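These notes are about the structure you will find just below.
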Amino acid sequence: MVSRVIPVDPFDLVIFGGTGDLARRKILPALFRRFCAGQMQEGTRIIGAARAEMDDVDYRAFVAEALIEFNDGHGCEEGTIAAFQRILSYVTLDALGENGWADLAAKMHDGRVRAFYFSVGPSLFGALAEKLHEHGMADSDTRIVVEKPFGRDLSTAKALNRALADHFDEGQIYRIDHYLGKETVQNLMAIRFGNMLFEPLWNSQYVDHIQITVAETVGVGGRGEYYDRSGAMRDMVQNHLMQLLCLIAMEPPAKFEPDSVRDEKLKVIRALDEVLPDQIVRGQYLAEGDKPGYLDHVETTDSTTESFIALKVHISNWRWAGTPFYLRTGKRLKARSSEIAVVFKATPHSIFGPEAGRHRNILTIRLQPNEGIDLDVTIKEPGPGGMRLIDVPLDMTFTEALGPDAEDVADAYERLIMDVVRGNQTLFMRGDEVEAAWAWTDPIIAGWETRGDDPIAYESGSSGPEEALALMHRDGRKWREVRA
Ligand code: NAD
């Protein structure tokens, strides 16, 4: 199997915040890999723009260092970094002042796709949009890419949407959620809508419940100050877990096209029920040995921000009424593991008698590590001695099933940035989706703030607070083990 690379016409990409952490760790390595793959044609240009005083030569050296540090050993022949450096340039620029804007405008080519990646804090989004307009760079060929966090509640998200809408149409705005760029997440749609096998069973009549877990082993580390103002609900659930939930739960879109898909996702968010206090468990990790606890990372020693959250969520629509969705995410957990598990109901009657036990099919979509899909199928335990049943996984780990090319699949940032250049918004969040997600999230947060709920302390390296286990136990269900 050979992956197909379709070159795109030459484009100009400006990275505002081109010296920042995200640019170094994700955006520049992603661009480099697409360059190595042969997707960029002669004449394509990448322009870093940030406050630091640098010239083109400094920036090229800066990017080469970032590539060496963060490119995960992706193989490129010698000389490729030098070739990539030739398409790079840099402008020292202040989003809040006049400095640098005329220089940037002078670098733009007419009549080609222009993308501006806002890899800066959201407080600068409005100023950047305004400046692009003032300096004649906000025309119909322009696309802007904005990073999370897209607001911290409904009113700030609305303000950001308004600020961008002053100068750009919705069709020009690409709100990134890198989870949507993951290969397996797109495979989720391929599995649902490309097979006859699953979709007829994809409803409350056959699905007992769905679990979505995004577990991290890292703590908040150096991001403590930012994270403490956010917490797991805002940082992970409102965006990433919500997007996964939407793709699992949405109705089949008529076409795999941006608005068809996003219309269906929006309907899911609007059908989410209010979450009651006893359907929420929040936690904060404790120190372990020489590893600091959550409170050691943040300024307020009595912070009540959660580093873990588990929720039981209901979708009130024809397809899902009665099938709960359990979501959980947290830091400093026992393994780095993200997965979606669709747990089907047991057969209505066991012809094998009680000793055979009751079994369920589980479809697991693993996002990381070992991206792939498992389907637990019930079979007879081999050997004599009667009909005993066991569950065995039909395991499709992509790298095993698809060979070495599967390891070379573009990562989320590579795919999403090239989608921006190609003008495909299917995997980006629309403004109304983001607002609907905040409209659901806000009352949940307001609820625990009003009640003064404190997060429950949990051991580092555990699966989170015991109470999160109880959230499922009392429904006669259990979480799948968090394991790498
Ligand atoms: P950072 O602090 O490392 O870098 C910020 C960049 O913005 C720098 O290049 C800086 O020069 C530039 N900048 C700041 N003020 C400016 C101004 N007035 N004019 C021009 N440039 C200015 O931040 P980061 O970690 O790269 O994050 C950037 C954005 O991406 C943030 O909104 C962050 O929340 C988001 N994000 C970051 C990550 C990550 O892994 N770092 C992940 C997801 C989202």
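For all residues, glycine too, the Cβ spot is worked out from N, Cα and C.
Predicted, not measured: the structure shown is a model, and the values here were computed from it.
Annotated domain 'Glucose-6-phosphate dehydrogenase NAD-binding' per TrEMBL: 14-187, in sequence order. Annotation source TrEMBL lists NADP(+) binding site at GLY17, GLY18, THR19, GLY20, ASP21, LEU22, ALA23, ARG24, ARG51, LYS148. Residues annotated as substrate binding site in TrEMBL: HIS178, LYS182, GLU216, ASP235, LYS331. The domain 'Glucose-6-phosphate dehydrogenase C-terminal' feature in TrEMBL is assigned to 189-480. What TrEMBL lists as active site, proton acceptor is HIS240.
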Task: Greatest inter-residue Cα distance in Å for the substrate-binding set HIS178, LYS182, GLU216, ASP235, LYS331 - done: 20
Task: Spatial neighbours, same chain, of THR19 (NADP(+) binding site) - Cβ under 8 Å, 6+ residues apart - done: GLY48, ALA50, ARG51, ALA52, MET54, TYR59, PHE62
- [ ] Give me the mean pLDDT over the domain 'Glucose-6-phosphate dehydrogenase NAD-binding' (14-187), rounded to a whole number.
- [x] 94
TODO: Find, among the binding-site residues listed as ASP21, GLU216, ASP235, the one whose Cβ has the highest number of other Cβ atoms within 10 Å in the structure shown.
DONE: ASP235
Task: Count of other CB atoms lying within 10 Å of the CB belonging to ARG51 (NADP(+) binding site) - done: 17
TODO: With NADP(+) as the bound species and GLY17, GLY18, THR19, GLY20, ASP21, LEU22, ALA23, ARG24, ARG51, LYS148 as its recorded binding residues, calculate the greatest Cα-Cα distance and give it in Å as a whole number.
DONE: 21
- [ ] Round to a whole number and give the Cα-to-Cα distance in Å for the pair HIS178 (substrate binding site) and HIS240 (active site, proton acceptor).
- [x] 8
TODO: Taking the Cβ of LYS182 (substrate binding site) as the centre, count every other Cβ atom within 10 Å, in any protein chain shown.
DONE: 22
Open item on the list: I'd like the Cβ neighbour count for the residue listed as 'active site, proton acceptor', meaning other Cβ atoms within 10 Å of its Cβ, all protein chains included.
Closed with: 22
Task: Sparsest-packed of the listed binding-site residues (HIS178, LYS331) - C-beta count within 10 angstroms - done: HIS178
Task: Sequence-ordered binding-site residues from THR19, GLU216, ASP235 with Cβ under 6 Å of an atom of ligand 1 - done: THR19
- [ ] Have a look at the recorded positions LYS182, GLU216, ASP235, HIS240, LYS331 and say which one has the shortest Cα distance to ASP21 (NADP(+) binding site).
- [x] ASP235
- [ ] Could you measure between the residue listed as 'active site, proton acceptor' and LYS182 (substrate binding site) for me? Cα positions, answer in whole angstrom.
- [x] 11
Open item on the list: Between GLY17 (NADP(+) binding site) and ASP235 (substrate binding site), how many Å separate their Cα atoms?
Closed with: 20
TODO: Just give me the nearest neighbour of ALA23 (NADP(+) binding site) among the binding-site residues LYS182, GLU216, LYS331, Cα to Cα.
DONE: LYS182
